[in-house]
Structure formats: C-alpha cells, structure tokens
Ligand SMILES: O=C(O)CCC(=O)C1=CC=C[C@@H](O)[C@@H]1C(=O)O
Ligand SMILES: [Mg+2]
C-alpha cells in the first residue's frame, strides 16, 4: 500500500439531540475524516476528537496539526507499507496523539482489507457475522425523558442501557430506573466525576446489580481505581485511563479494572486494540467497544473490531439514527430488532461515504499529495 494522496476533512455534524455527560453537553460533533488514496483503492478513517479537550487532550486542531505536519509526511516518506501494523511502528516516535494516529492507521486497515478482497472484520481476525449492541444515554434534567429514552431503546431491541451519572444524579436515578424497568442489563458511566471521598455513594450503587461502573475516578488514574474496586461488588470498567497495551497490562495487574471499554481512537488504532484484546483473552478480562459519537465511518471500524472473540459484552455502537438525522455513509448502520448489527461482507469497512454528504458536512479540506 503506497499512498499517492491523503485527504484530511474537518467535519461538523449536528446531533439530533444534546448529549450530556458529567463533563459537558455536546450538540455538534466536530471531528476529522481521513482518506488514503493508493493507485487502486481508497481507505477511510475517522479521527474521534472533539472541538474541546474535555474527554482527552486531543482536539480537532491538535489532530489536524499532528497529521498535517508530522504523520502524513512520515507516511509519504516511508512509501510502500505491506501491512497496517507497520503504521503504529512508524508513528511510535510521536508521543501520544492517539486519535490522530488511529484515524490514519484505520484508513490503512481499510485499504489492506480492500486489497485482500475481504471484510475488515476478517482482516482483523474477527469471528462473528453479527454483533450485539447497547446504547449510551446522556444525563437528562427530567428523569421522565430518561425513562422515555430507555423505553425507546428497549423497544428497538438494544441489549444494554448505559446510563451517564454524576454527583447528585446517581443513586436515585439508578434506583428509579430499577423500579421502573426491573432487572434489565444496565451499567453506569461516571466519566471521572468522583473521587475516593465518594466511596460511600459509589458503594450504594452495589445494591442495583449493575453490569459495571465505568471510569468513576480520575481520567489518568489506575491506583485509586484499584483501591475502589476492593470496596465495590460491582465491576469497574476503565475507559479514559487506558491509552495503550501497557496501560491495560498495569491496570489489570493492579486490579483496577475487571472490564475494559475499548475505544480504537483512544488506544491509537486497530493494531494496538488487537494487542489489548489478546492480553484481555489471556487475563480473562471481557471487552466491549465504546463510542465517541462517531459518524458512519468510525461506526464501521467499531463494528469490525467488535467481531473479535473477546468482545463479549454489548458495546455503544448504536445505529446511525442514534445521533444523526442523516449519516454520511450508504447504507446507514442499522440495528436489527434483536439488538444486533450484521457485519458487512464487502471488502474493507463495508460502508461507502456519500460524496455529496461528505461535502455537505465538510468545513475544511487539505488534499496532500506525495512528492
Ligand atoms: O454512543 C456513543 O458513541 C458513546 C457515547 C459515550 O458514552 C461517550 C462518548 C464520548 C465520551 C464520553 O462522553 C462517553 C464515554 O465515556 O463513553
Ligand atoms: Mg466512558
């Protein structure tokens, strides 16, 4: 695979409804799409940054700079790649900036699968032809709106409900949901809104038989999560704390996490995600695929990675209509009535961007050519 042209697109898509978490409310998604053009194929990747550095340190502007000024020139200079695993090794001297790295590496995985004439899922070693999915539901001012959202997605067949919590919007919200919906598969995501001083509040959540509590403590911690896990019955699931295979190895060794939310962009790409997957098989740590409110391109990559065997819990890969009036891909991602998504059998990511819609939501383009 030798890139002749790499296209960076700043994208802005408006969410159907605001998405509130413990660290803010999103109404639009600002992100980046990348296209890697070789002589025969085009590979697509999504950079899952936001406009503001609230989930991680990366933003549209930092990723644009790192790709434009470092990663793309490195790819042009390197020339012919035989396998996408080489991309991560090439980018290794660049510190962090995982979402920027992941977008370009994901495009090379798409290219590789297209070149082999196989679905990306198979190229990754995936073993499933359908994946089970859940949905992530934001914080609502009026709990009746949250009830309506849970009802809606239960009726649509989604396999588990992820409920955003924050101090003051936690125990009573989960209690009310249990009273109304009984023992449905349910988890909570705190997005680092608590500290060890809140251990008594978090212990109260133990009575509700949640599947897990996601990232209760600081985004860059594994020590305090290990202390907290010793106090809780409910499994802790780490998201923001896990940026690499090494982070996962240390967190598992310390007992900081019993489940991992895998986000391909957060860990720097599909090759690293596969390494973490294999570590979790060895350590008996189940995985599920998180989301970053992706467009259909990022959603396609998430579907493929979820076909790896140790993704045993429903993830956040909802259908395109969860967030978008219209997605930029054809066909859109659909969730069947049984809460599953069919894994595309076409070569590559299995979804094609719609040119007119790409242009409609593009706010800036940089076409970079070799030479
Ligand atoms: O539906 C999705 O894409 C998942 C949305 C979601 O829960 C999150 C997206 C991005 C950051 C966080 O707010 C949160 C998460 O922590 O998983
Ligand atoms: Mg999370």
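Placed from the backbone N, Cα and C atoms, the Cβ positions cover glycine too.
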Looking at Mg(2+) binding as recorded in TrEMBL, which candidate out of 151, 155, 214, 272 goes with 189, 239?
214
Take the domain 'Mandelate racemase/muconate lactonizing enzyme C-terminal' (143-235) and average the pLDDT across it for me.
97
CB < 6 Å to ligand 2, subset of recorded positions 164, 189, 239, seq order -> 189, 239
Check the Cα distances from residue 263 (active site, proton acceptor) to each of the recorded positions 164, 189, 214, 239 and keep only the ones within 10 Å.
239
Filtered by Cβ under 8 Å and at least 6 apart in sequence, the residues in the chain of residue 214 (Mg(2+) binding site) near it are 162, 187, 188, 189, 190, 191, 236, 237, 238, 239, 261
Which chain neighbours of the Mg(2+) site, leaving out 189, 214, 239, have a Cβ atom within 8 Å of the mean position of the site's Cβ atoms?
162, 187, 188, 190, 191, 213, 215, 237, 238, 240, 261, 290
